[in-house]
Amino acid sequence: MATFKTISYLGGFLALGYGALKFTELNEDKLKKELLEFSEPVTEAEKKRKLMMEVLKNAAANKKTMENYPTSQQPLIRVNKESDNCITMSQQQLAAFLSELNLLELKVNDLLSGENVNTNVASEVLQNLTRFVSENAPSLPAYELRRAHGEIMKFKTKILEIEEKTRRQGKFKFTRTNKERPQVPSQPIECLEGKISSSTARPSVFLDGLLPTLTNLTNETITINSKESSNKDIWLNNLEKSTVIINGIPSALHMTNLRDCKIIGGPVLTSVFLEDCLHSTFVVGCQQMRIHKSKECDFYLHIGSRIIVEDCFACRFAPYNREYSEKAEEFNRASLELSTNHWDCVDDFNWLSVEQSPNWSILPIDERIQLFPRFTGFNLITSIYPEYIV
Amino acid sequence: MVLLTILKKLKQKEKEMRLLMLGLDNAGKTTILKKFNGEDVHTISPTLGFNIKTLEHQNYQLNIWDVGGQKSLRSYWRNYFESTDGLVWVVDSIDRRRMEDCTKELHSLLQEERLAGATLLVFANKQDLPGSMTADEIKEALNLDSIETHHWRIVGCSAMNGDNLLAGIDWLVEDIGARIFTLE
C-alpha cells in the first residue's frame, strides 16, 4: 500500500513538473513574438521614412565623393571591422577630415567676405559642409563635432544677415498692383473635353488673385475676419512689429518677410508656407507646414503631418495652445483631428542625420505663452499679453 | 490571322509607360496622384523622397513617379530621369510669388538629355481656388511657347475635386502611345 502511495505521489509530481515546463515554454514563445513585433518599425510611413533617409544619405555620399571632394577618392571614414559596434576614426582619418572641413570653411568665408559677396553659392557650399559634417558625425570626437556645429551656425547667421541687408536696400519689394492687372473676364480653363463646374461663376472681386492680403505694414494690429479669410489663400508680406489675428478657415496661408510679428489663427484648410521670417511667433493649425529661410521664430502648431524645415536657424516648436469657443467645430471643418498633433515631428532638410538637428528645438515649457480659455479671439491676446500687441 | 491577334494581345500586355511627376513643393503632385488613384486627399504629408503608383489606364500600365519638390530635394530629381516617357509638371496656379522659380526649374529640366524624348504635360493645378491664374496665364508665365524640343500641352485642373485630371493624363498617354507604340 505504501509503495503504491509513493508511486502515485511521484507520478503527480512528474505531471506537475511537466506542466510547469510547458507553461514557461509557451510564455517564452509569446514573449519572443512580442519582442519581434516591437523591434519592427511601427507604421508603414515610418518604414518608408527610414528607407528614404537612407536613400538620401547614400545619394548625398555619392555626390560628395564624385563632385565636391575629388582629392579623396575613397570615403574618409571606414568602419572598423574588428569591433563591429564601434566606429572610430584613426588619427590620420581625423586629420584628413579636419583639413577637408577647413577647406570648406575657408571657401564659405571667402564667399561671404570681400567685395563680391555671393550668398547663393555660399549657402550651397555651406549645405555641402553641413552634409559632410552630419555624415561623419557618428565617428567624430565630441569636441570636433561641437566646433563644426558652431562654425556652421556662425556661417548661417552671417548668410541670413547679408541677405537681410540686401533686402533692406529695397532690392526685393512687393506692392499692390490691382490696377495694373488686366481685367481678364472669368474665362473657362483651357481644357480638352472636360467641364469645370467651379470656374463658370468666378466673382470679379477675386480676380486680383494671390496678391498680398496684407503688405508693407509696421506697428499695426489687424484682425482678418472669417468672411475675408474663409476658403481663400491669405498672403502676409513685409510686415514689421505687427500682430495679425486670423479668424475663420483660410484655404492656405503664405507668410513672407515678417519681422517681429505675431500671427495668431485657427486652422488652415491645407498648407502653411513660410519664408524669410525673423523673430516672430506663429500660432496656427494646418495639415502641412513648410518653413524656409527663417530665423529665431516660435511656432505653436497643430499639424496633421510632419513639419518641413529648410535653411532655418533657431526655430522653436510647441503644441497649439490657443483656446476659443469654436475651436472644436473649426478644426473639425478643416478635417484636423484634435487628438493627433505632430508639432514635434520636424524634418530638417539640411540635417540628414538621426541626431537632433541644431537648427530647431522644442520650446521649453516655461517659455511658452499661455492662452487662457476664458477669453476668446482678440480679447484673449490683448488682455493676457499686453506685450503681445507691439 | 489568329497568330497575329495573339501576338497583338501579348504586345498590348507589355504596354508600359513611365511617367515622372515633378514641380515645386506645395504644387499638389501627391494629391494628383492620390486623387487619380481614388485615395483620400485630405491627409497628405509633404513628400520626403518619392511615391510610386502603378495603374492600368487605356490598356497601358502607367508607372507614375511622384518625387518631392522641396528645394533641397530638387538636386535628386535627376536620379529619376532614366527612361521617362512622360513628364508631368505640376504648377500651383495660385502661387504667383514663385512662378519665376517654377519657370526656371522647368526650363532647366527640359535641357536634360535624358528627358529629351519625353512628352511634357503641364498641370495648372488648384483651379478650384478663387484667384488662381488661368491655364493661359500660366502658359505665358512659364514661356511654354518657346519649347520646341518636346511635345507639350497645358491643362488647368483641380486635384482636390479631380477636375480635368483624366483629360490631361489621357492626352499624355495618347501622345506617348502614338510616339512609341506605332510599330504595328
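Note that Cβ sites are derived from N, Cα and C of the backbone, with glycine treated the same way.
Quick caveat, the model's predicted, so the values are computed rather than measured.
Pulled from TrEMBL:
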BINDING   B:Gly23, B:Leu24, B:Asp25, B:Asn26, B:Ala27, B:Gly28, B:Lys29, B:Thr30, B:Gly69, B:Asn125, B:Lys126, B:Gln127, B:Asp128  GTP binding site
BINDING   B:Thr30, B:Thr47  Mg(2+) binding site
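Here the features listed in TrEMBL are placed on the structure.
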residue	record	Cβ within 10 Å
B:Gly23	GTP binding site	23
B:Asp25	GTP binding site	23
B:Ala27	GTP binding site	24
B:Lys29	GTP binding site	30
B:Thr30	Mg(2+) binding site	23
B:Thr47	Mg(2+) binding site	19
B:Gly69	GTP binding site	24
B:Lys126	GTP binding site	29
B:Asp128	GTP binding site	21
For this session: To the nearest whole angstrom, state the Cα distance for the pair B:Thr47 (Mg(2+) binding site) and B:Ala27 (GTP binding site).
Result: 11
Exercise. Between B:Asp128 (GTP binding site) and B:Thr30 (Mg(2+) binding site), how far is it from one CA atom to the other, in Å?
Worked result: 17
Problem set entry | Length of the line joining the Cα atoms of B:Lys126 (GTP binding site) and B:Thr30 (Mg(2+) binding site), in Å | 13
Exercise. In whole Å, how far is B:Gly23 (GTP binding site) from B:Thr30 (Mg(2+) binding site) when you measure between their Cα atoms?
Worked result: 11
